[in-house]
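**Student:** This is the structure, below, for whatever I ask next.
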Amino acid sequence: MWGMIATWRMAVEGLTEGANTLEKGGSAEEAIVKAISEVEDFPYYKSVGYGGLPNEEMEVELDAAYMNGTTLDFGAVGAVKDFKNPIKIARRLSVEKANNFLVGVGAEKFAHKEGFERKTMLTDRAKIHYKNRVHKLNQQENELTPYSGHDTVGMVALDQQGLMTAGTSTSGLFMKKPGRVGDSPVIGSGLYVDSEIGGATATGLGEDLMKGMVSYEIVSFMREGFSPQEACEKAVAKLDQKLKERRGKAGDLSVVAMDKKGNYGVASNIEGFSFAVVTETKAPKVYIVDKIKEGKCHYEKATQEWLENYMATRTAPLEEEWKK
Ligand code: ASP
């Protein structure tokens, strides 16, 4: 059995590429790096890689991580600027004996020395988003809620040899403070994988996801014998409830998981989370998830209309409101 699961609709093209690798007997490492790089390279996804939305100083700072579920090697970068594929730097760091998680200038120096491709990651379109937001803030039309234009691509892959890997990549929260690092590169929170059990990855408000170390929690539930679906539901319900009890509210929490047999699961405490999955027996498809209710999460295949609308809105011309 082989398979791959990923957060959000934006992952499906990459996931399909990754599936080609897995189908031919390629490794889960190659598949996940290929799949995430593809999402990073697509300019219209405004929360990952090239075209990602900038921080409050109009700089794109990227977080990414990679984990090997057999050796438990991991590599991660935080707040890295102007490198084309942060996931490749994370994967490279994962084979170091130490210094596996580098941030900012240190990460950039490492990437430069290792010959990773540099690229200006701020696009004209992202600049318009930024300027529009600043304009709105100046007009006090809406208060600063950094949590829009977010979303992390997170993936878990299983290959025919039984190797499982996980990876994440994101530009984090739009208008974040320079140097802010979210959950996505944090092992145990943004992602975790153990080839003897399974893997999980998260997306949503990093500051809240980290409070529950949600990916490790899901893998622990699977170790106890819960199915990936049950494990995801339990982890999201538990953290959502705890945050509400202790803090009065919970940020967005969405997760996906796959076990070592290719069974998968998903849960979310928001309406409209989407994910993509492919296995040896199931073609790559996108699903839309309902908000968790009484501990259960229901999901359905995305309709053709939804899929078309998704691409149309992502690529529609952007109005330069700030010029008006
Ligand atoms: N979890 C990411 C962060 O906080 C953002 C997201 O997945 O939406 O950086």
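The backbone N, Cα and C atoms fix where each Cβ goes, glycine too.
Those TrEMBL annotations? Automatic predictions, nothing curated.
Remember, predicted model here, so these are calculated numbers, not experimental data.
Feature table excerpt (TrEMBL):
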- Thr152: active site, nucleophile (ACT_SITE)
- Arg180, Val181, Gly182, Asp183, Thr203, Gly204, Leu205, Gly206: substrate binding site (BINDING)
**Student:** Take the Cβ of Gly204 (substrate binding site) and count every other Cβ within 10 Å, whichever protein chain it belongs to.
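**Tutor:** Its Cβ has 27 other Cβ atoms within 10 Å.
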**Student:** Cα distance, Thr152 (active site, nucleophile) to Gly204 (substrate binding site), nearest Å?
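**Tutor:** Taking the Cα atoms only, Gly204 (substrate binding site) lies 8 Å from Thr152 (active site, nucleophile).
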**Student:** Which recorded positions, if any, among Thr152, Arg180, Asp183, Thr203, Gly206 have a Cβ under 6 Å from ligand 1, given in order along the chain?
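**Tutor:** With ligand 1 as the reference and 6 Å as the Cβ limit, the list reads Thr152, Asp183, Thr203, Gly206.
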**Student:** Please work out the number of neighbouring Cβ atoms within 10 Å of the Cβ of Asp183 (substrate binding site), leaving out its own Cβ.
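**Tutor:** Taking all protein chains shown, Asp183 (substrate binding site) has 31 Cβ neighbours within 10 Å.
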**Student:** Hey, what's the Cβ neighbour count for the residue listed as 'active site, nucleophile' at 10 Å?
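**Tutor:** That number is 31.
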**Student:** What is the separation, in Å, between the Cα atoms of Asp183 (substrate binding site) and the residue listed as 'active site, nucleophile'?
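**Tutor:** Between the Cα atoms of Asp183 (substrate binding site) and the residue listed as 'active site, nucleophile', the distance comes to 10 Å.
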**Student:** In three-state terms from DSSP, label Asp183 (substrate binding site) for me.
**Tutor:** coil
